[in-house]
Structure formats: C-alpha cells, structure tokens
Amino acid sequence: SVGFKAGVKDYRLTYYTPEYETLATDILAAFRVTPQPGVPPEEAGAAVAAESSTGTWTTVWTDGLTSLDRYKGRCYHIEPVAGEENQYIAYVAYPLDLFEEGSVTNMFTSIVGNVFGFKALRALRLEDLRIPPAYSKTFQGPPHGIQVERDKLNKYGRPLLGCTIKPKLGLSAKNYGRAVYECLRGGLDFTKDDENVNSQPFMRWRDRFLFCAEAIYKAQAETGEIKGHYLNATAGTSEEMMKRAACARELGVPIVMHDYLTGGFTANTSLSHYCRDNGLLLHIHRAMHAVIDRQKNHGIHFRVLAKALRMSGGDHIHSGTVVGKLEGERDVTLGFVDLLRDDFIEKDRSRGIYFTQDWVSMPGVLPVASGGIHVWHMPALTEIFGDDSVLQFG
C-alpha cells in the first residue's frame, strides 16, 4: 500500500512542535498572526512555518527523498497578544541550511516570500528575527561602521549634523551646488540629496555630482573641516548605480547614498561591497518603508528591515525621529536604534525586541533622525539618540 494518503492535511501535525529546543544556529522569527475565524492558532502558526520552509498543501512522494526533520521550519511557541482579540505571536525556528549565505534577498524570499497571502490567515506581520552569528558572519555588513566613519571625518563626541537640499526637485545642478556650499560652509557636516533626486531632465546626475564635489572642496578649504554630501547613486539598473558610485569615488568625495528598499537588497549589497573596497561611506534612505511597516497587524516591522540593512550594508540609515510622536513609539524606536548600533542587544519585549541579538563583531550603523525636525528639537534629539547619530534638518 502507498505510504501516504492524498488530500489536504493539517499543518500542525508536522509543523507545530511545542517541545522543540531551538538551536544556536537557527534563525528565529516572531510573527504576529491573525487567523481567519474558526482557524485554531496552532494551525495558523504551523501553516506559516510550513509555507515559509519545506511545506506544501499536500504530501508528495518526493517528501520521502529528503529529511523533513532536518529542513522544516517549526512553530515552537504560540502566545496570545494581550489586549487583542484573536491575535497571536507565533515563534518559528528555521534551520540554517534553508538560507543562502550572504543573501538578505534569499532570507526574505524564504521567510516572507509566500506566506502573507495565505487563506488561513486574515493578517500576518513579521515582528522580529534572531540572526545567529553562524549566519550573520556570512555577511560583510556595513562598509565601515561608526568608529571608522568618525576617524575618516575627524569628528568625535557629538552627533553629526546634516540637512536635505530643498526644493528637492527643480533646481539646476549649479544652483543645487550653491545650496550645498552654503550649508556646509555654514557649519553642517553633511548635506543630502533627496531620495527622489536621481537623474531627471532638469538635473542630470553627473552635473550634480560635479557641482556638489566643487561645493564640498570649497567648503572644506574654507573651514578646515571634512565635509560630505550624500550623492544619491540610486538608478534604474544596478550597473548604472555602480557607475554613479564609481564616479563619486573618482571625484574623491567621502560618501554616497542609496534607497535600499526601492533599489533592492541585491543592488544594495553590491554597492555596500564596492563602498568598502573603495573607501566610500554609504548613507541609506528607507523610501517605501511605510508601505511595508506601517500597518500594526500586517507587513514587516521596521526593526526587521533595519537588521536586514545592517547585514546587507550601510553606514547610516534613517530611523525616524521620535520627537512629537507618542511615548510608546520612543521605546520601540530606541529598541531598533540599539539593534543598529550595539554588538549585543538583550531581549526586551517592552521595547519590541523579541530575541536577544548577538552581532559579534559586525560594525554598527549610525541612526539618522530626519524629517520634520528643526532646531527647537535639538535637546530632545540629543537626549534620545545620544552622540552616535546623524541629526538631519530640513
């Protein structure tokens, strides 16, 4: 007789394993699961584990040709969310072998690629990931990190100051360069291309790069300080992006910029490697993040996107401002700011940190407070972010 019955089987028979002891090499995920009415939470959690690892909707004969026990994701714990009806945190452990080394792209394709459209779930949110050292060690991480950046800039013991050039679209390259010069000459450390400044008809990228480089050198000569302008290398193809980064390097400027979510993790990791090889700092903007992280019960929390960026590589990343927001936001924001900067971060549910994260020796990323802040926010910002941050006005 055949060794299995055809037909749809309950996932929880195979993928819900409450007695499982997680391994130090497992990637652990915390999902906020909202099952459809009538679907038990164990089945919903197991469905997530199955569909994001080895499972499919039925048993197939090729299952016998591999070791499911070795390769399957396991839902090992489920807890109800306090104050929410029919919402659960499902903890899933993935064996390390399911993931390609050094690829954030593959990690996300596996963990969040398919499960979010699942019929048994009303909504699903990835709240946190625990990246084991065995996996994080396969990534280069940030091109330089906080300490090396301070050494390159010769600026210590204070937050770095920057601003975004406005109006963000419509200036000619020459006038744009003028604005950069005035800001840097006036005392800022950095100026920034807006995230939507790429290479538009009114200002092509190469013209902007040349005028900004001129502004940087002039301001440096007059102030005796090292200055920078985040030249946005984001482009329509990754080859064009690398070409723009190479041009920035030839001009001798210290830093380039990338929109990592719209540009994609594959392009970002390539650019990050190039930046380390060529001594460029890399500023990361998170355009499109709110599409993914704004809903409370569906999507991916920004702390996961921040962890992914630290692995893919970036020296700065925009991380919200806290100022003027609700107090609760403050703890959660500081939670992922610590995840960006520190080596070792303890589990702390009050700050939204579901797992203890050990980055071992991976360099840190400077959090950038940007968007709607002005000089009156200064005391609050320095108190919240401390010295290792970039405060960007305008």
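In case you wondered, yes, glycine gets a Cβ from its N, Cα and C as well.
Of the residues proposed, His258, His316, His318, the one Swiss-Prot records at the same substrate site as Asn114, Thr164, Lys168, Arg286, Ser370 is His318. Neighbours of His285 (active site, proton acceptor), defined as other CB atoms within 10 A of its CB across all chains, total 28. Spatial neighbours are here defined as Cα atoms within 10 angstroms of one another, and by that definition the neighbours of Lys166 (active site, proton acceptor) among the recorded positions Asp194, Glu195, His285 are Asp194. The most crowded of the recorded positions listed here (Lys166, Lys192) is Lys192, judged by how many other CB atoms sit within 10 Å of its own CB. Here His285 (active site, proton acceptor) is positioned 10 angstrom away from Lys192 (Mg(2+) binding site), judged by their C-alpha atoms. Taking the centroid of the Cβ atoms of Lys192, Asp194, Glu195 as the Mg(2+) site, the other same-chain residues with Cβ within 8 Å of it are Thr164, Ile165, Lys168, Asp193, Asn196, Val197, Tyr230, Asn232, Met257, His285.
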